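A.B. asks: Structure in structure tokens, see below.
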Amino acid sequence: MRIIKYLTILVISVVILTSCQSSSSQESTKSGEFRIVPTTVALTMTLDKLDLPIVGKPTSYKTLPNRYKDVPEIGQPMEPNVEAVKKLKPTHVLSVSTIKDEMQPFYKQLNMKGYFYDFDSLKGMQKSITQLGDQFNRKAQAKELNDHLNSVKQKIENKAVKQKKHPKVLILMGVPGSYLVATDKSYIGDLVKIAGGENVIKVKDRQYISSNTENLLNINPDIILRLPHGMPEEVKKMFQKEFKQNDIWKHFKAVKNNHVYDLEEVPFGITANVDADKAMTQLYDLFYKDKK
């Protein structure tokens, strides 16, 4: 009997000890043993909204959350420094699916699995927010953020659908020295559609196409949006010069009616970001400012 009693106590003790160790291990993971390195600004801003610490951040001229001010920089989003990242001993290095192919050599040098998230549209970003919440124990924060974005989107769509006429919109995405035309497949194109605008470009298989001003004149948009990507002040000056020196622009209805607008990188940008609520609201107000 004594032997049986002793074995029973021993088994119970082992079970309790194992349970405690398991609980401790799970709690350790929950309490932030993740060492996360986002390689893009959009991901960095999203992690901030999810109340997640990071050990590395992308190098950018944009203002990042103050909570990350002392976090080491790891280089540009498409060219992160492998050695700088390795020094941080990350558990997760995050990127976006748009540049997945370009980032594969980087992950190979790191000898790490790549984590890619869809930030090509509002819907894609919201799905990614849910994934990040599940992955890093921030489900409640992810739900709260998505609920807010859904609420703003629904309000904008409900107001837009009541408008009798929807403006035809041309979207130009500029980089220093040149510009492209954005389609519905781009993030900014997605926002324009949500806000009640009709993109004059009907291409379905690409996010951006090259510009042909003569063809654009034939579809004569009501509104022209100009969005900078990188070096915004330089791009803004480039657009101003183009519209002043290229005579064809003066024949556009949008130019004649002074309906050409320069968008700011914040809250817009070429990839989805957590400022989408502000971007949707600004576009709606722009499209229907005379019909409130």
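Backbone N, Cα and C atoms are what each Cβ position is placed from, and that goes for glycine too.
Below are the features listed in Swiss-Prot for this protein:
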type	residues	note
SIGNAL	1-19	signal peptide
LIPID	CYS20	N-palmitoyl cysteine
LIPID	CYS20	S-diacylglycerol cysteine
DOMAIN	35-291	domain 'Fe/B12 periplasmic-binding'
BINDING	VAL41, ALA42, SER60, TYR61, MET78, HIS229	heme binding site
A.B. asks: If you run the three-state DSSP split on ALA42 (heme binding site), which class comes out?
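C.D. replies: Note: ALA42 (heme binding site) is helical by DSSP.
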A.B. asks: Between VAL41, ALA42, MET78, which of the binding-site residues has the fewest other CB atoms within 10 angstroms in the structure shown?
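C.D. replies: Taking VAL41, ALA42, MET78 as the binding-site residues, the minimal 10 Å Cβ count falls on MET78.
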A.B. asks: For the recorded heme site, whose residues are VAL41, ALA42, SER60, TYR61, MET78, HIS229, find every other residue on that chain with a C-beta no more than 8 angstroms from the centre of their C-beta atoms, and list them by sequence position.
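C.D. replies: Everything else in range on the chain: THR40, PRO58, LYS62, GLN76, PRO77, GLY230, GLY269.
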A.B. asks: Ten-angstrom check, please: count other Cβ atoms within 10 Å of the Cβ of TYR61 (heme binding site), all chains counted.
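C.D. replies: Counting Cβ neighbours of TYR61 (heme binding site) within 10 Å gives 9.
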A.B. asks: For SER60 (heme binding site), which of the three DSSP-derived states applies: helix, strand, or coil?
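C.D. replies: Where SER60 (heme binding site) sits, the three-state DSSP reduction gives coil.
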A.B. asks: List the same-chain residues at least 6 positions away in sequence whose Cβ sits under 8 Å from the Cβ of HIS229 (heme binding site), in sequence order, or say none.
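C.D. replies: Counting only residues 6 or more apart in sequence, the Cβ neighbours of HIS229 (heme binding site) under 8 Å are MET173, GLY174, VAL175, VAL235, GLU265, GLY269, ILE270.
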A.B. asks: Taking the Cβ of SER60 (heme binding site) as reference, which residues of that chain separated by at least 6 in sequence fall under 8 Å from it?
C.D. replies: VAL41, GLN76, PRO77
A.B. asks: Quick one: mean pLDDT on the domain 'Fe/B12 periplasmic-binding' (35-291)?
C.D. replies: 95
